[in-house]
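Reviewing the structure listed below.
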C-alpha cells in the first residue's frame, strides 16, 4: 500500500471507502466509484420568461416611484404646486390606501388595532409638523450641489438595498436612506409647510406604498401588473413634464429592466454548474430559535 | 539555469540511483528503503499555535526523522519567537520574519518571501518541499518558489471547501494555479480527495489519501475519573457555526428534560458560547451544563476521561481527529454524518446521525440506553481497538512512499511550466500567473547573481543521515512509547 501506481493485479476484495482498514490498494488508487456521489445542479430553478418579467415589475415601479417623488419635489420648488393642496391630496390618498388595505386584508388577523395605527399616524404628523421649521434650516450651511449629490446617493442606496423579495415591511436601510434623501431635498423648499408636505409625501411613497402593493399582490394577484404599469407611466409622464430627455432615458431604462434583463437571466441559466456532494457543509433545516424563545 | 546551480554546493544532492547509504538499493525499485530525503515542511501554522495542522506537521516530522530522513520546518515568526529553534531529535524550525495578516496567515506578494525561503532551501540542501494547508499563504508561496528553484513539491490539504460563493470561487482558482504543477498531493480522507480534485481540477492519480493519526499514549482511558451516578456527554470543539453549536443548543434542553441524570461538559471557546449560556440560563441547567472555556491541549485528555459519551455536531469535517481522540479515551462516540466522518471509525465504535436535532437526539438516546443496560464495550477494549487504527508511523511510512515517487519525477522547466499554467488554469488566471512566474524566475536569477549558491554556507544537519545529533541517538535507540507498529 503506497503511492506507486505500479501494474499490480487487481485485488479480489472490492475497494471500500474506509480509512480504518489497511486495504491492498495503493494510496493514490482511483476506484470506479470515485466521485459517484457528485451531483450537479440539483436545486436549479427553471425560469420562465414572462413570469420573470412580471416579477421585475416591482423593481421598475420602485424606480418610477423615485422619479415621481422627484417630480413632485421639483414642482413644489418651482412653486407650480401649493403645499396645502398637495397635503389634502396626500391625506385623501392615505385614507383611500388605508381603506383598500383593510378591504383586501379582510380575513387576516390584525396585528395592531386601528387605534394603534391612528396613534402612530398622529405622533408622526405632530412631530414632523413641529420639527419642520428645524428641518427646513437643516442644510442651510451646505451648498446646493452637495445636497443634490447626497440626495442622489441616498435615493440610489434606497433602490439598491430595497428588499424586493419581501417588501413589507420595508427594510430599515432602504427606508432610512429614502427618508434621509427626502429630508435633504425638503430642506431646500421655500417654506416650513413645504417641508412638512414633502416629508408626508415621502412617507406615503416610500414607507406605506410598498406595504399596500405587497398586500395587493397577495390578495388580488391580477391588480399588481396594472398597478406597476400605472406607476411607471406616471413616473415617465411626470418626468416628461419637467425634462423630456430624462423621461426618454427613464423609459429606456425601464424597458431594458423589464424586457432585456429577464432575457439575460433565462438565457444564462444554461451555464449554471453547481456541484453538490458529501463535502458540502450541512444545512440546518429547522428553526433553532424556538429553543431560545 | 536555476535548476543546475546546485552542483556548486559542498555536498551535492546524490542522484536517486546512487545512494551513499545503501549502495545495494535497486534503481527505480518500489522499496527504496535506503533513500533518505531532505524535506522542508512549510506552513503558516506551527507551534506555538495549537491545532490539528500543527500537530500533524510535528508528529509527521518526528516520525520521518526516526526513519532517518532530514526534516526542517519553515514557518512565520510568532511574536518574539523568531530565528531558528531546535526541537526534540534535532527537528530544526525556522521562524521567518514574515508579516502576519489574519488568523496566523501571512500576507503574500509572491515575491517577498523568495530570498528568505531560498536561503533556507539552499542552506539545508532541500530536495523536497512539503507544504501544508490551503489556508496558509506561506505554503503556497513556498510551493511557487520551490518550483522556480527546481525542487520537487508535495502539498497536503487538511480541509474541505465549498464551491458556490465568491470567496470559494477565487480560492479554488488560486488553488488550481498552485497545484497545477505540484508533483503530488496528499489528502486526509477520500471525501477530501474528491473535494480537492474537483476544486483544483487535478488528475486523481497524483492525489494520495493518507489519513491523520493520533498518539494513543496521549489519550488513554481512565474510567475511575468519571462519575458513574450520572451519564456525562463531552463536547470539545471551537464554539463556531461550522461545528454545529446551534444543533447542540437544541439537543441540550431536549435531552436534559428526558434524562434527569444527564450532564454536559463543554470545552472550547468561540462566538457561539453565548447561545449555550442562554440555553443554560433559560432552562436553569447550571448544575448540569458546564462550560469550561478554552482548553490547553494537555488538558483535553483530562476532560475527555470524565465523560461516557463524546458528541461531535460538526456541519463539515475532512477528517475529524476529535472523534478518534474521544474513542481512544474509551468514550462512546456520537457524530453527525458529514464530510469524511463516515470513513474514520468502524460502525461498532461510532453512532452516526443526520445533522438535525431530532436525529442526533435519537442517536444519543440509543447510546444512553446501551450504557444503562451495560451493553457497551469497556473503555480499555475500545482504546485497544482504536490504538491500531491510526498511527503516525503508518502515516510516515506512506508519506515516505510519496516522497520516493516524487523524487523520481522531473520538475517542469520554466517553458513547460508556463505552458501548463496557461493551458490548465484558464486564460486570465493562467496568463497572470505565468507573468508572475517569469518575474519570480528573473528575481531568482538576480538573487543568484547577488549571492551565489556556492557562497551560501551549508548548514550542519541536525537530523537525517549526516546529522551530528543522530550519531548519539542511534546508539541508544529509545524504546518507542507507541508499541502499535503497523
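Placed from the backbone N, Cα and C atoms, the Cβ positions cover glycine too.
Residues 81, 86, 155, 158-159, 162, 164, 167, 182, 185-186, 189, 198, 201-202, 205-206, 209-210, 213, 224-225, 227-229, 231-232, 234-236, 238-239, 241-242, 250, 253-254, 257-259, 261-263, 265-266 of the same chain lie 6 or more positions beyond the ends of the transmembrane segment (A:49-73) yet place their CB under 8 Å from a CB of it. TrEMBL lists A:49-73 (among others) with the feature transmembrane segment.
Residues or ranges marked as transmembrane segment by TrEMBL: A:85-104 (among others). Using a Cβ-Cβ cut-off under 8 Å and counting only residues 6 or more beyond its ends in the same chain, the transmembrane segment (A:85-104) has close neighbours at 72, 76, 117, 193, 196-197, 200-201, 204, 208-209, 211-212, 215-216, 218-220.
Residues annotated as transmembrane segment in TrEMBL: A:116-135 (among others).
The transmembrane segment annotation in TrEMBL covers A:147-165 (among others). Non-local neighbours of the transmembrane segment (A:147-165) in the same chain are 58-59, 62-63, 66, 70, 139, 171, 173-175, 177-178, 180-182, 184-185, 187-188, 206; each lies 6+ residues outside the stretch with a CB under 8 Å from one of its CB atoms.
Sequence-remote contacts of a segment are chain residues at least 6 beyond its ends whose Cβ falls under 8 Å from one of its Cβ atoms, and for the transmembrane segment (A:195-212) they are 62, 65, 68-69, 72-73, 76, 83, 86-87, 90, 93-94, 97, 100-101, 124-125, 128-129, 132-133, 135-136, 158, 167-170, 174-175, 178-179, 182-183, 185-187, 189. Taken from TrEMBL, the feature transmembrane segment applies to A:195-212 (among others).
Within the chain, the transmembrane segment (A:224-243) has long-range Cβ neighbours (under 8 A, six or more residues past its boundaries) at 54, 57-58, 60-61, 63-68, 70-72, 74-75, 213, 216-217, 250-251, 254. Annotated transmembrane segment per TrEMBL: A:224-243 (among others), in sequence order.
The transmembrane segment annotation in TrEMBL covers A:249-268 (among others).
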(request) Six or more residues out from either end of the transmembrane segment (A:249-268), which same-chain residues have a Cβ under 8 Å from its Cβ atoms? (result) 47-49, 52-53, 56-57, 59-60, 63-64, 67, 232, 235-236, 239
(request) Six or more residues out from either end of the transmembrane segment (A:116-135), which same-chain residues have a Cβ under 8 Å from its Cβ atoms? (result) 98, 183, 186-187, 192-193, 195-196, 199-200, 203
